[in-house]
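Asker: For reference, Swiss-Prot lists these features for the protein:
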- 508: active site, proton donor/acceptor (ACT_SITE)
- 368, 371, 384, 388: Zn(2+) binding site (BINDING)
- 475, 476, 477, 483, 484, 485, 486, 487, 488, 512, 521: acetyl-CoA binding site (BINDING)
- 323: SUMO2 cross-link (CROSSLNK)
- 338: ubiquitin cross-link (CROSSLNK)
- 332-607: domain 'MYST-type HAT' (DOMAIN)
- 10: phosphoserine (MOD_RES)
- 53: phosphoserine (MOD_RES)
- 57: phosphoserine (MOD_RES)
- 102: phosphoserine (MOD_RES)
- 104: phosphothreonine (MOD_RES)
- 111: phosphoserine (MOD_RES)
- 124: phosphoserine (MOD_RES)
- 128: phosphothreonine (MOD_RES)
- 158: phosphoserine (MOD_RES)
- 164: phosphoserine (MOD_RES)
- 432: N6-acetyllysine (MOD_RES)
- 506: phosphoserine (MOD_RES)
- 1-173: region 'Disordered' (REGION)
């Protein structure tokens, strides 16, 4: 069968101008004497492709025109002859009845001049094939006999035209888009149904697993409803308090807040003194049965109020983690070391650390606690420990009191050890950015000695030449030694070095959350001790800074936090609050770890030259 040529208008984008997905035929009697008719056939596929090119440009209004002036011209243009022109008039095919002769189509060319002259008789142009076209008695829908063949042709042509366009390629699923596909909760025996927050139907992590927290999905939903109800009541009471409260400079607590404080004090008085024998047996049985796959039983360990507060914090943290997972900011199982075997401890990591890729893909990392070398398996670690001769950090021991020692390690002389120490610290610090460039720093490593060696407690790093007088660049206490007073000892030791150097020091910003809490506590203790021993009437922040080696900015911020700094009659006054001093003295008397202090007489150190 001979192939028919296409009759199309030349558009600026190089495609045939057509707004319909049917085979059209048009016979014009007024042009039969002057213009030879040319036959063309437009398939569904070519019509769809031309339609997609025309949809991007605004459609001009179809104008009526008079018969005495020719308003169109037919022209035979092939695809290879089409050239883009800056201004091309819009063309629309006219539908008419199919004649028994040949299949023909003529394209009407509306010029801008004629559309302006006939603006009073405008009509809406035909829309897309899915839209509504102007209906008339001569409109006939013609279907192609080879629909599947036409669709395959259109698909092939569209792939060729969009070969260089990446937007036409199938989009790859990201983690958060395929989060609910082929995933399950890692807790043994869990079917991934329910969520700790009570707001989701499924979960895929331990943080949102009701079974891990010894709860059921229904119990989580009931607790969520109770929390929402309490939040609504609290918001309503806050609105009432805001309406009744005047905008004063010093606002006293409201009656509702005072009642709530008394209620909390009464609830905490009901705390059980200890566990009974039956409860201890129950807890031990639960621990032996489930091990680390379930959360330990927490009932009767503290007051009901504190336990409920802890449960709320758990649910809120789980909700925040769920949002981060859905946004793709947390990808579980990809380049994340979950645990490390460090000496006799197994530590859960908090953050990602840039270990080499072959180690970062492991879920568990094995590490020598003396030389800090990291390994892939328990066998490699056992063989290494049999040959490792290190029993303490490298460098000079500059402090020793009892079993506590501090070693000064130069990052230039012991580069590998300091790099491994930084990689280890990044597992527990979020804002740490120093990993490999350790040569300009000194590292002060605190250890605790026993018959097997000196075990790492924590460390802090310090620039050799700090122009801003930073006495700490990075500080870390190992998780197994936290909440035992060692962090405050490291901070005190850094200020002890500043006193020997006769400088005023301050930690480098930004501080981590735990670091800020530790430093606030240390500054508070230093100021209260100084005010307790001070007997004069006038005090100077500069004198406090010179005696304690604490930066004046840190002193002022701590005084403001304690509400001990006031402005009165054009002067700044430091108030000596005896109630805070008495409270601090009582806490100092109750502390059992009185040996967790740094003794300046045990320091054997001189400042390095050039600092």
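Count begins at 1; order follows the chain as displayed.
Just so it is clear, glycine is given a Cβ too, placed from its N, Cα and C backbone atoms.
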Asker: Nearest to residue 506 (phosphoserine) by Cα, among 371, 384, 475 (binding-site residues)?
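Answerer: Ranked by Cα distance from residue 506 (phosphoserine), first place goes to 475.
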Asker: State the count of C-beta atoms found within 10 angstroms of the C-beta of residue 486 (acetyl-CoA binding site), not counting that atom itself.
Answerer: 19
Asker: Tell me which of the recorded positions 477, 484, 506, 521 sits in the most Cβ-dense spot, judged by other Cβ atoms within 10 Å.
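Answerer: In terms of Cβ crowding, the pick is 477.
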Asker: Where residue 488 (acetyl-CoA binding site) and residue 371 (Zn(2+) binding site) are concerned, what is their Cα separation in Å, rounded?
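Answerer: Cα-Cα distance, residue 488 (acetyl-CoA binding site) to residue 371 (Zn(2+) binding site): 25 Å.
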Asker: Can you give me the Cα-Cα distance between residue 508 (active site, proton donor/acceptor) and residue 521 (acetyl-CoA binding site) in Å, rounded to a whole number?
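Answerer: Pair distance, Cα basis, whole Å: 17 Å.
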Asker: Find the one among the recorded positions 338, 475, 521 whose C-alpha lies closest to that of residue 368 (Zn(2+) binding site).
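Answerer: Out of the listed candidates, the nearest Cα belongs to 338.
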Asker: Output the one of 338, 384, 488 that, of all these recorded positions, has the highest number of other Cβ atoms within 10 Å of its Cβ.
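Answerer: Selected residue: 488.
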Asker: Over all pairs within 475, 476, 477, 483, 484, 485, 486, 487, 488, 512, 521, the annotated acetyl-CoA binders, what is the largest Cα to Cα distance, rounded to whole Å?
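Answerer: Largest Cα to Cα distance for the acetyl-CoA-binding set is 19 Å.
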Asker: May I ask for the distance between residue 388 (Zn(2+) binding site) and residue 477 (acetyl-CoA binding site), taken between their Cα atoms and rounded to an integer number of Å?
Answerer: 24
Asker: Mind giving me a neighbour count for residue 388 (Zn(2+) binding site)? Other Cβ atoms within 10 Å of its Cβ, every protein chain shown.
Answerer: 15
Asker: Highest CB neighbour count within 10 A among the binding-site residues 368, 371, 475?
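Answerer: Most Cβ neighbours within 10 Å: 475.
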Asker: Neighbourhood of the Zn(2+) site (368, 371, 384, 388): other residues with Cβ within 8 Å of the Cβ centroid, in order?
Answerer: 370, 373, 381, 385, 387, 390
Asker: Can you check what DSSP calls residue 388 (Zn(2+) binding site), collapsed to helix, strand or coil?
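Answerer: Note: residue 388 (Zn(2+) binding site) is coil by DSSP, not helix or strand.
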Asker: Round to a whole number and give the Cα-to-Cα distance in Å for the pair residue 521 (acetyl-CoA binding site) and residue 432 (N6-acetyllysine).
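Answerer: Here the two Cα atoms are 22 Å apart.
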Asker: List only the single closest residue to residue 432 (N6-acetyllysine), chosen from the binding-site residues 371, 475, 486 by CA-CA distance.
Answerer: 475
